[in-house]
Amino acid sequence: MGHRLLLLVLLLPLPCVPGLPFYNGFYYSNSAHGWDPDLGGGLFNGVKLVVETAEDTLFSHRGANATLPCRYHYAPALASQRPVRIKWWKLSENGAPERDVLVAIGPRHRAFGDYRGRVHLRQAGARDVSLEIRDLRLEDSGRYRCEVIDGLEDESGVVELELRGVVFPYQPPQGRYQLNFQEAQQACEAQEAAVASFEQLFRAWEEGLHWCNAGWLQDASVQYPITLARGPCGGLGLAPGVRSYGPRHRRLHRYDVFCFAPALRGEWGGPAPPVGGGEHLGAAGGPSARPGAPPPGMATVLHPSPCPLWLCRHVSDPGQTANPWNHEQSKHLKAPRRVYYLEHPEKLTLSEAKAACREDGAQIAKVGQLFAAWKFRGLDRCDAGWLADGSARYPVAHPRPACGPLEPGVRSFGFPDPQSRKYGVYCYRPPR
């Protein structure tokens, strides 16, 4: 701090400034000679510029608006207001480069890239330079730096934004360990999700996620979460935790992948879910369209319960569970139902299922959408249904007899034959 002089001049008033480098819509001038009296840099003899940002991680959901708090002041306080320059940018994480978000001088500002039209400074007070982001996207999750520049002085703080979501392991129809890193990214994107970060996987492990197959993460490392030590999962001598194979070759090595599906706007309505629950993967095809006891060989994956009992009572969809409180409580549910089991007089092949959703003004749901609806909406249905990737699954928020294992989770019967096997279907109605 104080070793370089940044003279920022807005592009509009200065169409050409010879000799000054151009960057981010501003002209920058570096000086190796101390204080420039025109900038008032000598003010900071005993005066400190202080930038304050949120210490805790901010949580939101896709499609919502978020405010990243940032304020500044001087110590000791100054009586008069001083012109400052503001810069917000997203920090580099997991190999992704830094991304410029917004720069501002007084009332003038400029946004960059995908942030154009979605960001502005709140400026609720004289020294409030909080960043407001509209219509949050999956890629907006991360760490942001707020920098305030006054003459020779610049101070900054970091705000972390995280989208609510659910981590789930994913295998393609071809089976276990078939994806290189690029194919893993594509597989998650196809399921309305993204490759999970280590932080997201670690948080899911803390909440109870247990999965014995290694999967790609966002930083191209390969890891897997273990809550119960077992011989086939690294041995009994290793403590529970997130176990790592380290960085792998992005093209040559092949594994499964851990995907992160964000909650959609209107889905999230309460605190973090408690530990417990499970996901279950069965053999392709499963025993029946309405599963009862789990088929032989069904594996159990411990996973967070979708929501606290009091919350599930208010967010479960009407008619989608045997629990007696659902219908009455759901009358008061304001958020529209986006993922739902389509009531249809007949069981369907995969192509018939896709057509049925279209006829209902919707589209067949993706795996990430079903997981998000299960966790954040308490979606509960004891009927196997087709999903867009050709798998058959069903979500259970309230375990009960004759509905698979007695743990909450999304049950899977793999990838049945799309032409000969018949199931129900889970549809997704996009927001309007």
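Every residue, even glycine, has its Cβ placed from backbone N, Cα and C.
In TrEMBL, Cys212 is paired through a disulphide bond with Cys233, chosen from Cys188, Cys233.
Calculated from their C-alpha atoms, the gap between Cys382 (disulfide bond) and Cys212 (disulfide bond) amounts to 26 Å. Other Cβ atoms within 10 Å of the Cβ of Cys212 (disulfide bond), summed over all protein chains shown, number 16. Separation of the C-alpha atoms of Cys233 (disulfide bond) and Cys403 (disulfide bond): 27 Å, rounded to the nearest whole number. Reported as a whole number, the C-alpha separation between Cys212 (disulfide bond) and Cys403 (disulfide bond) equals 24 Å.
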